[in-house]
């Protein structure tokens, strides 16, 4: 039986996390910035147009345990923020409209 679209989406997020992690299974700041630029260029562009420099603060905001790395739960929190922004857009909000950003 093949995976559903939802299952493929989750597997894709896990694969994205693994692509940018180090040997310890966590993402360091340079890799997180690369991941954001490669995978969310439209989101970042919309934020930049509003004068919101998302990349300047995202690492510090998401590194909840302050270990200077992003673990999987912190990564999911980041994706949740981006998904929430796209959800707001589906209801007419402007891109990068705030909230948990």
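Cβ coordinates come from backbone N, Cα and C, glycine included.
Under the heading Zn(2+) 1 binding site, Swiss-Prot lists 18, 87, 91. DSSP assigns residue 18 (Zn(2+) 1 binding site) to a helical segment in the three-state reduction. Taking the Cβ of residue 18 (Zn(2+) 1 binding site) as centre and 10 Å as the limit, one finds 11 other Cβ atoms among all the protein chains shown.
Per Swiss-Prot, the feature Zn(2+) 2 binding site maps to 28, 38, 66. For residue 66 (Zn(2+) 2 binding site), no same-chain residue 6+ apart in sequence has a C-beta under 8 angstroms from its C-beta.
Residue 74 (Ca(2+) binding site) carries a helical DSSP state (H, G or I). Residues or ranges marked as Ca(2+) binding site by Swiss-Prot: 63, 65, 67, 69, 74.
Within the model, the domain 'EF-hand 1' (13-48) carries an average pLDDT of 96. Per Swiss-Prot, domain 'EF-hand 1' is recorded for 13-48, and the stated evidence type is a curator's inference.
Nonlocal intrachain contacts for the domain 'EF-hand 2' (50-85), taken as residues 6+ away from its ends with a CB within less than 8 angstroms of a stretch CB, comprise 13, 17, 22, 24-29, 32-33, 36-37, 40, 43-44, 93-97, 99-101. According to Swiss-Prot, the feature domain 'EF-hand 2' maps to 50-85.
Looking only at Cα atoms, residue 28 (Zn(2+) 2 binding site) sits nearest to 67 among the binding-site residues 65, 67, 74, 87, 91. By a simple count of nearby Cβ atoms, those within 10 Å, the most crowded of the binding-site residues 28, 63, 67 is 63. In this structure, the binding-site residues 69, 87, 91 were compared by how many other Cβ atoms lie within 10 Å of their Cβ, and the smallest count belongs to 91. Across the domain 'EF-hand 1' (13-48), DSSP assigns 27 helix, 1 strand, 8 coil.
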